[in-house]
């Protein structure tokens, strides 16, 4: 942190000044926009002096009266009204993004204060400035704008990337918290507020019960935006995160129903039992209906994506548009739009991801992140602005009682519910967990917008409500948001595990699933594993066939995971290969040889090639590459990369085709002995490694009489060798280094010598996929075999191409002859 | 105690009212047929190592007590367990899994056995078959070896995954919370001794 701070300080101070300057510029623009906002509410066309002689003005006026004085031709004119709306929007977005940028230039600040707080402060500043300028603050947190434009991206982002497995595992708990918890909160807060209002001396006796209940329902909903913003920075473990977050998403249905119920009837003044019953029915319809709408649109989107293999460019658009339509359709029926979005995202994702290209997937991911980030920033800024702007009616009693009651009711609710829930859970929620869940119940902008939507006539105390809501929001976001991080550290709550899933874990997770399902079957107990399994099978059999194009639907999860992992690493490697210098060697700790069972070295004649699966080849390649690159080796010493990053783009089938070809390739080689040198030098210097590589490679090349490239900077390519042995010569791309000298030395050392290279053997500690003579039969015997092998056929040499910075296009090439 | 009663009923049902349960009896369960690892599951029931009696090898038929003992591996941990008890339960469950993989009872999971496991897992997919399974198993094996053994000389041979290594690589998936059948909340040790 210190280092970062010091290294940032020069840039930080500069950044600060930059930021300040930019802020000023932006604010000036803002002033500029605000002025015309107040002044020219009517379109510019009718304003005679709005823009000096705009063409269209002239035309319009020209229609009325033909005689108008001829003005000088306007060379340059200012027409603000023309672009006012988009300009302002862009200005706000720009402001938000610049703010976000600025915060990250001051690392220490963003460590202490969560971003949301800073953004609200900025909003306050902006609002204050606008007010100082004497202009009326634009009602930016207009409910329509908020609900239709700002909220959906965030929710879609959350829904699309929802981790389904933990979510489903904890769905019971989440639903309990969301539904019953919110109900409890609403009634508790509303009721007690009413009771407080009845107390003499608070000047609040005109507040009815129903408005109080309405207020309670508005303010008791945990807000997904705020939760996301704060929890993202504290990295708690997955369980807690999904609990709080899931709750914040699902309580939308409850909020919607309660809100409408109380709003409708607070005019009438009373709520009968019938209404309550209808409310329950309404709740079911709202939530299930929302989910159904989302699911339908999701399936439509998945189905559409099945046919997009020829128009890859617009694939992301389908996902976005269908999801947005789902949201709007749900809102149209007053169903829960949030749940529709979540359902749509969650349903769409598995199928669409199987269909679309990798680039589209990346596009979707980044667009969603970008939009949700901008939205979130804007929301918080607007919250600040609205605070400054809105009419306030401060009432100490009301506000303070609200804040206290919210806290109290949340704590009681969580504790009480956990007590009940723990009876049904296998993994119980500890006190620490309960505390975090209770403390993480942040309120946010949704509450404010709902309050804003209230009709002034029906609710004369609307302003008081708004003030209280804003105070509550501020309290939770500032106080709870800022302190939750130190509290998490203090209580030593389990943090999110950073490690990626290893393949072993994946295998065993799947294994466990099947095992538990089997045991349940044996017991005759239809537990949830059973149903999950049934759902999976149904999914595989019917749904996937419809929704996923091509052959991919047959692919089980484990294989998909495996390929994804390979691919990811390949991409990482390629990306990092751009700046390769001489990174420190992280050795390959265990080589393939170590796990191969030892087999007796047979006689030369009937030595058979160990079965080379294409995967092993790739594996070898990858390991070699990874050693040459020496990047990204944390504990993963088996770095597996696919050699080609690009075929993924062109579709799965091509990839499979190449694999097929590789299989055929191996088959061709079964006749000959193979001396495969895959020098994956563990703890050696890069020098030795390259030397080995080069020597090993070139050694073979020499024997074949093929051209040897002694230039360490050359690229190895795969050439079709004489004879039908596909020899893949890999050229080494590396920046010029003093190592090249040693390389040449190595060269000369091995240049003419045939097999008197016991030292060579020793150095080549890497993976020696010799035909099963991994044993140390005598060195001499090996050499003899080698020699024979050599003279018979040129050995097969596989070295991994080292993707240098400019080599990415060529990767396709070297893969196959 | 009703759970024991339920299990007992089920036992009777499976074994057609005899006292002993045989392998073929398991075949009568229809849902089990779709399970890719059914053979291993069935074998686990007949594997003596799972009977808590330090035996080895397999038996041909099991009685109700053995049935219960095998089932007891799937007990969920109680809330108020100490860390040590949790550790023990975790070991026990992982031991069960280990025994399922280690079919030749030599105490290690060799590459062949691991390959077999992965093949079985993927056996329902059909499409991509043995090659991929081998690749996956090899990768997994490599990973275990590298995590457990650190740097190895090229002449050294990694025999196979021992139980300790198995513990190490799987300690992150919190098996004591996942390998549970919900209703098995009973303590069977009191029954069997």
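Backbone N, Cα and C atoms are what each Cβ position is placed from, and that goes for glycine too.
Note that TrEMBL annotation is computational and uncurated.
According to TrEMBL, the coiled coil annotation covers A:614-641.
The compositional bias 'Basic and acidic residues' annotation in TrEMBL covers A:757-767.
As annotated by TrEMBL, compositional bias 'Acidic residues' applies to A:807-817.
Feature annotation from TrEMBL assigns domain 'Cation/H+ exchanger transmembrane' to A:94-488.
Taken together, the residues in the domain 'Sodium/hydrogen exchanger regulatory region' (A:585-691) have a mean pLDDT of 47 on the 0 to 100 scale. Summarising the annotation, TrEMBL assigns domain 'Sodium/hydrogen exchanger regulatory region' to A:585-691.
Annotated region 'Disordered' per TrEMBL: A:737-817, in sequence order.
TrEMBL lists A:21-39 (among others) with the feature transmembrane segment.
The transmembrane segment annotation in TrEMBL covers A:113-133 (among others). Distant neighbours of the transmembrane segment (A:113-133): 27, 30-31, 34, 95-96, 99-100, 103, 226, 229-230, 233, 376-377, 380-389, 474, 477-478, 481-482, 485; these residues of the same chain sit at least 6 beyond its ends, with a Cβ under 8 Å from one of its Cβ atoms.
According to TrEMBL, the transmembrane segment annotation covers A:145-162 (among others). Long-range contacts of the transmembrane segment (A:145-162) within the same chain, counting only residues at least 6 positions beyond its ends with a Cβ under 8 Å from a Cβ of the stretch, are 224-225, 228, 245, 249, 319-320, 323-324, 327-328, 331, 337-338, 341-346, 348-349, 364-365, 368-369, 371-372, 374-376, 378-379, 382, 445-446, 449.
Positions annotated as transmembrane segment by TrEMBL: A:174-196 (among others). Outside the transmembrane segment (A:174-196), and at least 6 residues removed from its termini, the chain residues within Cβ reach (under 8 Å) are 167, 202, 204, 207-209, 212-217, 219-222, 242-243, 246-247, 249-251, 253-255, 258, 397-398, 401-402, 405-406, 409-410, 412-414, 416-417, 420-421, 437.
Summarising the annotation, TrEMBL assigns transmembrane segment to A:208-230 (among others).
TrEMBL lists A:242-262 (among others) with the feature transmembrane segment.
Nonlocal intrachain contacts for the transmembrane segment (A:277-303), taken as residues 6+ away from its ends with a CB within less than 8 angstroms of a stretch CB, comprise 250, 253-254, 256-258, 260-261, 318-319, 322-323, 325-326, 329-330, 333-348, 351-352, 355, 546-548. Taken from TrEMBL, the feature transmembrane segment applies to A:277-303 (among others).
For A:333-352 (among others), the entry in TrEMBL reads transmembrane segment.
Positions annotated as transmembrane segment by TrEMBL: A:373-390 (among others).
Residues annotated as transmembrane segment in TrEMBL: A:396-422 (among others).
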Does the chain bring the transmembrane segment (A:396-422) near the transmembrane segment (A:434-453), so that three or more CB pairs sit under 8 Å (pairs 6 or more apart in sequence)? yes
Sequence-remote partners of the transmembrane segment (A:242-262) [C-beta within less than 8 Å, at least six residues beyond its ends]: 155, 158-159, 163, 166-167, 170-171, 173-175, 177-179, 181-183, 186, 210-211, 213-214, 217-218, 221-224, 227-228, 231, 271, 275, 279, 282-283, 286-287, 290, 334-339, 342, 433, 436-437, 440-441, 446, 450
For the transmembrane segment (A:208-230), give me same-chain residues lying six or more residues beyond its boundaries with a C-beta closer than 8 angstroms to one of its C-beta atoms, as numbers and ranges. 114-116, 151, 154-155, 158, 182, 185-191, 193-194, 197, 244-245, 247-249, 251-252, 254-255, 258-259, 262-263, 265-266, 269-271, 338, 376, 379-380, 402, 406, 409, 440-447, 450-451, 454, 459, 461, 465, 468-469, 472-473, 476-477, 480-481, 484
